[in-house]
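K.L.:
In case it helps, Swiss-Prot gives these features for our protein:
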type: DISULFID; residues: Cys118-Cys124; note: disulfide bond
type: DISULFID; residues: Cys179-Cys299; note: disulfide bond
type: DISULFID; residues: Cys491-Cys494; note: disulfide bond
type: DOMAIN; residues: 433-576; note: domain 'Thioredoxin'
type: SIGNAL; residues: 1-18; note: signal peptide
type: TOPO_DOM; residues: 19-158; note: topological domain 'Periplasmic'
type: TOPO_DOM; residues: 180-207; note: topological domain 'Cytoplasmic'
type: TOPO_DOM; residues: 229-237; note: topological domain 'Periplasmic'
type: TOPO_DOM; residues: 259-281; note: topological domain 'Cytoplasmic'
type: TOPO_DOM; residues: 303-321; note: topological domain 'Periplasmic'
type: TOPO_DOM; residues: 343-351; note: topological domain 'Cytoplasmic'
type: TOPO_DOM; residues: 395-408; note: topological domain 'Cytoplasmic'
type: TOPO_DOM; residues: 430-578; note: topological domain 'Periplasmic'
type: TRANSMEM; residues: 159-179; note: transmembrane segment
type: TRANSMEM; residues: 208-228; note: transmembrane segment
type: TRANSMEM; residues: 238-258; note: transmembrane segment
type: TRANSMEM; residues: 282-302; note: transmembrane segment
type: TRANSMEM; residues: 322-342; note: transmembrane segment
type: TRANSMEM; residues: 352-372; note: transmembrane segment
type: TRANSMEM; residues: 374-394; note: transmembrane segment
type: TRANSMEM; residues: 409-429; note: transmembrane segment
Amino acid sequence: MRRLFLFFALLISGVAQAGTNPFETKPDFLPVGKAFVFTSERLESGETQLYWQIADGYYLYQKRLKFDGLPAEQHPALPEGETHSDEFFGEQQVYRQGLELKIAAGATGQIKVGFQGCADAGLCYPPHTQVVDLGGYLRYRCDRRSTGPSPGQRLQQRALGWSLLVFFGLGLLLAFTPCSLPMLPILAGLIVGSGATPKRGFALATSYVVSMALVYAAMGVLAAMLGANLQALLQNPWLLGSFAAVFVLLALPMFGFFELQLPVAVRDRLENVSRNQRGGSLFGAGVLGALSGLLVGPCMTAPLAGALLYIAQSGNALHGGLILFAMGIGIGVPLLLLVTVGNRFLPKPGAWMNLLKGVFGFLFLATALLMLRPVLDESLWIGLCGGLLLIAAYSAWKQSEGFGRVAHVFGASSLLLGVWGSLLMIGAAGGSDDLMKPLQVYSASNSSSAANPVSHDAFTTIKDPAALQRELDEAQAQGQWVLLDYYADWCVSCKVMEKQVFGKAHVMEALSDVRLLRLDVTADNAASRELLGRYKVPGPPSLLWIGADGIERRSQRITGEVDAGTFLQRWTTTRDAH
């Protein structure tokens, strides 16, 4: 079994390094300057405040924020956003309603702030840049009539609430690991001493738990401060791979390959200090709690390291401190129960504690896979997920042998995990890119569309305005209709339409007599801006019909994402009207 875990862990590490209809509602997309109203302001503290007022129905991508001209160590810490999922780019962090950032005092000169966003209705704007003078000159203003917390602050508060609950639960689980639960009675005796009343015992245990949680909170604050500028680097595939490899390394101790703990010299020194502390007093209990936060056992080291790594990526010191404080409180809850009501409410030690360690191990491997998703081919990523589920299924089946009456639970879990893992592996072999519908790639409807290669070959890709003009002149000379498809690699809706509209055989058959030009505006350069500006297109996806006379049928223009039926209906209307 260990060999199987080790093989999969090495495999991940190796890979790491290596339905709305806009025509019915006629959405009126805002210009980029109104969808994302940007302001910068020099504060009395010397900091420079950047603020985006984001219109309803629009969102900014976290990973598209750029600060050209500003040293990496001075980049503002990016708050947690809202998770936005799509079929092609996976989970992305986005900001809605408002975003507020601060550049630390001391930064000088002019910088270029880049950002990019999309509309929920299916339009993606090209990258946009604003020049900000860090010397205090306010170039861009907007009316921020706000009397309470900004929308961005409210979003952060909601995300923080969930994080507190998750980390409290994580701490509660860590309290039941083999290194922690059997030690609780001994620990209670050290803290409380003999003859203490339940009320006194609760006060002493609370002093211990709060002190321990404060040490964890300090670790969280330090990790966030050290990683405050990490977000700008996390778009690097090598760095993502390195972090994924670290999580794989943290998973191995959970499966018993080795023990990860503090160096012996440090551990012995802390233990000596701990033994010299006397229980029975609030101060002594508090000191013991603080030392226990530093004296991390082998079952705690890997989960704590993983939590600190997660916090370092967020770069938010307050957030990091609070969630690790919540984790510390969760770890201390069983101790509080023990000193007040006895051990009748606590589970008895047993083989289930080793099972809990294994669960943490699988969570670490899953985290490694999630970190790798942006840099892996989607079908390869789905295949790796399937492999992890199959190993989890085998593990659950093996564990069922030692749990008697609840063995059927492990058997059912093994069956479910095995079936899902097998489906993912089969789907990945066929090129599936859908985690929840892995076999859809083999369906008849998808096969018919996938078998039609004309969706890519029929389009002529244009990146230069002069090349566009030549194609238009030639089409007009031949009396041919032209379809201009504004496209970009970063446009999610473009990917959807490429697959669900132009990937359909009957759609391409209807366009057989039309000259198909794909205007690629992926790059943020003068050529892309000129292509967008020629017909005043806000961004991709946008579809324009140019008649045989060389004139655009403006009333039939398509802006945003549509399905195949709507597209064909619009083309039929355009063609029959002229």
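For all residues, glycine too, the Cβ spot is worked out from N, Cα and C.
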K.L.:
For the transmembrane segment (409-429), could you work out the same-chain residues 6 or more beyond its ends whose Cβ comes under 8 Å from its Cβ atoms?
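P.N.:
Sequence-distant neighbours of the transmembrane segment (409-429): 379-380, 382-383, 385-390, 392-394, 396-397, 399-400, 403, 435, 437-442.
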K.L.:
Given a separation of at least six residues and a C-beta threshold under 8 Å, show me what packs close to Cys491 (disulfide bond) in the same chain.
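P.N.:
Cys491 (disulfide bond) has long-range Cβ partners Cys118, Cys124, Gly539, Pro540, Pro541.
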K.L.:
Just counting, how many other CB atoms are there within 10 A of the CB of Cys118 (disulfide bond)?
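P.N.:
I count 27 other Cβ atoms within 10 Å of it.
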K.L.:
Report the same-chain neighbours of Cys494 (disulfide bond): residues 6+ apart in sequence with Cβ closer than 8 Å to its Cβ, ordered by sequence.
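P.N.:
Cys124, Tyr487, Ala488, Pro540, Pro541 - these are the non-local Cβ neighbours of Cys494 (disulfide bond), listed in sequence order.
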K.L.:
Tell me, by DSSP, whether Cys491 (disulfide bond) is helix, strand or coil?
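P.N.:
In the DSSP reduction, Cys491 (disulfide bond) maps to coil.
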K.L.:
Under DSSP, the topological domain 'Periplasmic' (430-578) has how many residues in helix, strand and coil?
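P.N.:
The counts are 70 helix, 24 strand, 55 coil.
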